[in-house]
Amino acid sequence: MYESMKMSVEHVVETGKISEEYNTSDEVRQVFSQWSIDGFTRQSHPTVIQVLLDQNKDKDITGNCLPNLVYVSRQKSKTSPHHFKAGALNVLVRVSAAMTNAPVILTLDCDMYSNDPTTPLRALCYILDPEMQSNLGYVQFPQEYHRLNKSDIYACEHKRLFKVHPVGYDGLCGPNYVGTGCFFRRRALCGGPSTLILPEIDGLCPDSVVNKPLTAPSVLELAHHVAGCNYENQTKWGSKIGFRYGSLVEDYYTGYRMKCEGWRSIFCYPETAAFLGDVPFNLLDVLSQNKRWAIGLLEVAFSRYSTITFGVKSMGLFMGLGYSYYAFWAILTIPITTYCLLPQLALLNELSIFPKVSDPWFLLYMFLFLGAYGQDLLEFVVDGGTIQRWWSDQRMWIMRGLSSYAFGLTEFVVKSIGIPTEGFNVTSKIINDEESKRYEQGVFEFGVPSPLFVTLTMAAIINLLSFISGLVHFIVDGGSSKEGLVMQLVLTGLIVMNCLPVYQAIALRSDKGKMPTKTTVTATLLASAVYVVASLFLK
């Protein structure tokens with residue numbers, strides 16, 4: 001029923017006209033009777049609210065009541081901002097308040113599904129606990145996936161973000177909201193625990209009681225009214241009430257603002273995954289998603305509610321610093337880019353920047369180097385990860401730093417000075433049979449040409465040339481005379497190993513996943529220019 005309704009609405013907005021082919025029932029005809037004859041598109045169309053199942057009337061084959069199922073498509077207008085996912089969630093909060101006003105709300109991404117029927121009971125154990133009820137805002141479950149390949153080549157599991165770090169935050173004020181798999185108390189979306197902010201309509205208040213059927217004319221009228229694209233004008237929705245506007249990562253920002261208001265959260269991590277979802281299946285989608293996150297996090301970091309000032313003041317030092325770690329994620333591009341280029345360019349020019357192997361200081365460098373990677377591996381494996389997935393994780397850390405974070409930081413700076421940038425892109429989770437086969441085999445899929453690949457390919461080329469040059473000099477000139485270059489040679493070799501999928505795509509592959517030629521040529525020219533400039537500078 002839901003898919004049929006969705007198909008009808010999508011057909012109408014795609015064609016711009018109401019076709020009798022999709023008006024298969026009186027209910028559908030009633031919905032479209034409110035629409036004009038033509039002129040509507042995906043960006044401009046009226047509200048659609050259709051009750052598909054009503055628990056007071058609809059029963060299953062055993063005679064038990066079915067849950068309510070309501071199709072909602074909010075009104076869109078090219079002249080009104082719609083605030084992307086946060087705007088859609090706020091419409092759903094208001095429409096559900098008008099129709100049922102249930103005290104608990106579950107948010108779930110469209111590519112995720114329930115994997116354990118006892119999940120609501122687990123959440124209610126916390127929500128109904130009288131010791132927690134006064135300031136518990138939400139219960140967050142880990143984000144887990146069901147189609148990861150054996151080595152998780154794109155590191156989409158995000159083990160630290162979704163599992164390791166939330167356990168630590170649970171000892172403070174609780175984990176952040178990650179956009180899906182989260183049970184909210186409706187009251188928590190209306191101001192702090194001690195500062196209730198009432199919506200502008202009594203029917204939307206968290207404690208109001210709906211005693212009319214879902215299909216009652218007054219209920220549907222209110223639901224359509226609050227789903228209008230101009231309803232939020234001159235209201236506190238998005239600023240003080242509901243999911244917050246002002247960042248591309250509305251989940252991070254909403255959870256952060258709720259913590260600042262005094263709410264806490266709980267991380268529920270059962271052995272059986274509560275929800276499972278899909279992951280991106282090509283490198284471009286992964287990098288684009290991380291670039292969007294980087295921009296949204298910086299929007300919070302440099303807003304009036306900055307985590308480093310407002311956050312520390314409101315939540316305390318540890319939670320403030322915890323949120324700041326993510327807010328300033330994109331700035332990691334500076335040390336990562338330095339890590340991947342400076343020692344390599346110095347190696348090309350036979351300049352030593354680390355101590356010699358015989359120097360006592362060399363032991364300190366090796367201790368820090370091996371200690372950092374050792375701690376990272378231990379933390380990953382202890383939480384149930386594998387060495388294969390850890391290798392993918394630290395490889396993607398480098399790739400994200402060279403591409404997503406660099407482009408995200410640049411785009412944020414450009415936007416901040418008033419220069420328009422590209423719009424919001426939804427991450428695709430669609431995959432064909434050929435891509436699925438390559439993904440299962442652990443083969444990188446690059447997709448279409450993108451500027452995101454240029455810096456990544458440039459770094460891969462520089463590291464490969466540097467490693468070959470350094471190795472040749474080390475063998476030809478003798479190891480003792482090049483003792484000071486050992487550390488740089490090892491570091492460059494590590495980066496080369498991490499960039500193997502890039503080399504494979506550039507030189508070896510003949511399938512559709514090959515690195516786009518335009519990207520390779522641009523990266524080669526850029527790498528040459530960087531080498532020339534760096535050589536002049538180093539000399």
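Any Cβ shown, glycine's included, is placed from N, Cα and C.
Automated prediction, rather than curation, is the source of TrEMBL annotations.
Annotated Mn(2+) binding site per TrEMBL: LYS85, ASP109, in sequence order. Counting only residues at least six positions away in the same chain, the Cβ atoms of GLY179, THR180, GLY277 sit under 8 Å from the Cβ of ASP109 (Mn(2+) binding site).
If you look up TrEMBL, you'll see 323-342 (among others) marked as transmembrane segment. Within its own chain, the transmembrane segment (323-342) is flanked in space by residues 161, 176, 252, 256, 259, 293-295, 297-298, 300-301, 306-308, 311-312, 315, 353, 397-398, 401-402, 405-406, 408-409, 412, 459, 462-463, 491, 495, 530, 534, which lie at least six positions past its ends and keep a Cβ under 8 Å from the stretch.
The feature transmembrane segment is assigned by TrEMBL to 362-382 (among others).
The annotation transmembrane segment is assigned in TrEMBL to 452-476 (among others).
Here TrEMBL flags 488-508 (among others) as transmembrane segment.
For the transmembrane segment (520-538), the list of distant contacts is 341, 345-346, 348-349, 351, 453-462, 465, 506: same-chain residues at least six beyond its ends, Cβ to Cβ under 8 Å. According to TrEMBL, the feature transmembrane segment maps to 520-538 (among others).
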Other parts of the chain folded back onto the transmembrane segment (488-508), taken as Cβ under 8 Å at six or more residues beyond its ends: 153, 339-340, 343-344, 346-347, 352-354, 394-395, 398-399, 443-444, 446, 456-457, 459-460, 463-464, 466-467, 470-471, 474, 514-515, 520
Contact set, same chain, for the transmembrane segment (362-382): CB under 8 Å, 6 or more residues outside the stretch: 159-160, 164, 354-356, 389-390, 393-394, 487
Cβ neighbour count within 10 Å of LYS85 (Mn(2+) binding site): 18
